[in-house]
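Sequence annotations record features per position, and here TrEMBL assigns domain 'RNA 3'-terminal phosphate cyclase' to 1-299. Look at TrEMBL and you will find 65 tagged as ATP binding site. The domain 'RNA 3'-terminal phosphate cyclase insert' annotation in TrEMBL covers 145-247. Sequence annotations record features per position, and here TrEMBL assigns active site, tele-AMP-histidine intermediate to 281.
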């Protein structure tokens with residue numbers, strides 16, 4: 001993270017490293033906030049119940065991303081209690097993880113349960129998510145190359161804490177108006193919700209909109225509210241992101257693209273994903289996945305019927321990781 005405004009480990013990165021250390025009886029040196037170098041020596045991945053707490057609004061979704069590939073190859077089932085921010089900037093929102101990431105990543109032939117106990121927002125966090133997952137023998141490759149047509153658009157606009165439900169309704173209405181200009185004939189259902197007080201810490205708002213296609217693809221656009229930001233603007237921002245993701249013609253949106261790389265690398269066989277323009281996150285993920293495993297990735301411009309589409313095929317010959325414990 002040398003190029004970031006605050007280089008080195010942030011609280012959520014450190015919590016992520018610590019939960020992995022605990023999962024596998026490993027050793028971690030250089031594990032402090034701001035550290036720019038760590039040494040990690042893994043042991044055997046055992047599974048079991050573990051708690052990771054960022055003690056900030058650091059993203060629980062990033063903790064989940066770190067832990068998931070490990071617990072898949074553990075000796076026994078795992079239950080992870082992840083604490084921090086559930087709806088944070090610069091990270092997937094928990095709603096995205098449940099509505100988009102989960103159904104798609106389960107195509108690698110595993111399942112997990114994600115229970116949102118409490119939501120937590122910037123700056124204090126305080127959210128908690130419990131993830132339960134059983135190990136697998138190996139992961140199957142995926143083939144996500146057919147986009148199909150958009151069949152439905154749904155989502156949720158939420159407020160929590162001191163904010164009135166009217167804000168959620170305004171976000172939802174603005175998003176629907178924006179999408180309607182491009183997609184006229186489709187039913188769009190974006191529920192305005194107020195998070196129950198006993199299930200949310202602090203004050204926050206935001207919106208996520210998901211488009212589902214005839215081939216089972218899920219693409220999303222989301223946005224978070226913040227003080228002084230007009231509710232209509234939040235709704236329009238999410239709608240425009242969704243429309244942008246629908247425009248390129250890929251089967252995954254730009255947030256899911258990089259999250260699939262590690263699973264493609266671990267799977268047995270050839271995975272193919274059609275995506276929009278390759279993000280820097282994805283390039284980085286491919287770089288390290290190839291260094292750490294014997295997986296081989298190729299990215300080629302997709303030869304489209306429609307030359308206006310900026311799509312790519314990410315192909316991976318997976319390493320075929322086998323769980324030695326099963």
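Note that the numbers count up from 1, one per residue, in the order the chain is shown.
Cβ coordinates come from backbone N, Cα and C, glycine included.
Curation plays no part in TrEMBL annotations; they are all automatic predictions.
Residue counts for the domain 'RNA 3'-terminal phosphate cyclase insert' (145-247) under DSSP, split into helix (H, G, I), strand (E, B) and coil, are 38 helix, 37 strand, 28 coil.
In the predicted model, the domain 'RNA 3'-terminal phosphate cyclase insert' (145-247) has a mean pLDDT of 97.
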